[in-house]
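Annotated features in Swiss-Prot:
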ACT_SITE  CYS171  active site, acyl-thioester intermediate
BINDING   ARG77, GLY78, GLY79, ASP80, ILE81, THR82, TYR83, HIS84, ALA140, ILE141, GLY142, GLY153, PHE154, ALA155  substrate binding site
DOMAIN    32-219  domain 'BPL/LPL catalytic'
SITE      LYS137  site 'Lowers pKa of active site Cys'
Amino acid sequence: MKKLLVIDFREKIKYEDAWDLQKKLHDLRVKDTIYDTLILLEHFPVITLGKFGDEKNLLKTKEELKSMGIDFIRVDRGGDITYHGPSQLVGYFIFKVDGVKNFVLKVEKSIINVLHEYGIEAKESIEYPGVWVEDRKITAIGIAIKKRVSYHGFALNVNNDLAPFSYIIPCGLKDKKVTSILKEANFSPPMEDVKRKVCLSVVKEFGFDSFMVFNFSSCKELSNFGMLLEDL
């Protein structure tokens, strides 16, 4: 049986805490201590810049961001610069990976399936990573792979404030706009419904037989996660 573990945070999580969690779970996955794991959450406002990103794509000073309550963090994922914040669904994939290109395509297809269910004609782009509605980006994707195990993932705009994207050149792409489910479908689905649809779509695209969801409010609650897995 090919199982998927889903860690679902019901409260907003600081980016640094989620990053530390990914590293710990990545080590466990490399050792085959855990199954492939999908983390679903919302972040407090933060702008992240990928390892090959250009800081020139940040249009505000770090002091200005701080005054607005937005953190700025350099990270080791692919991609350039992006924004995370409340009401945006972020998913981190701690998966064994055989081929990078095929893996990214499956991530994109997983999100596209969900958006189609909401009546949004989303698609992938041959030229740029992520998920698009015409020339508007609705989902950013940035992946890192180490020892054949992935981390980082996607950020799907649900009904989040899009104004902070004007503080950056999203993903380093000039003249490209961002959008959200709310903007495209004229309604805002409950976040729990979006999460459920994402889980089902990931199961389908990656060929899992089943999935198990564990709900948490903070990263500290995961201290006994390894012990819990031993009982599965």
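Cβ atoms are placed via backbone N, Cα and C, with glycine included.
What Swiss-Prot annotates, mapped onto the structure for a quick look.
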residue	record	DSSP (3 states)
ARG77	substrate binding site	coil
TYR83	substrate binding site	strand
LYS137	site 'Lowers pKa of active site Cys'	strand
GLY142	substrate binding site	strand
PHE154	substrate binding site	strand
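Other C-beta atoms found within 10 angstroms of the C-beta of ALA140 (substrate binding site) number 26, with every protein chain shown included.
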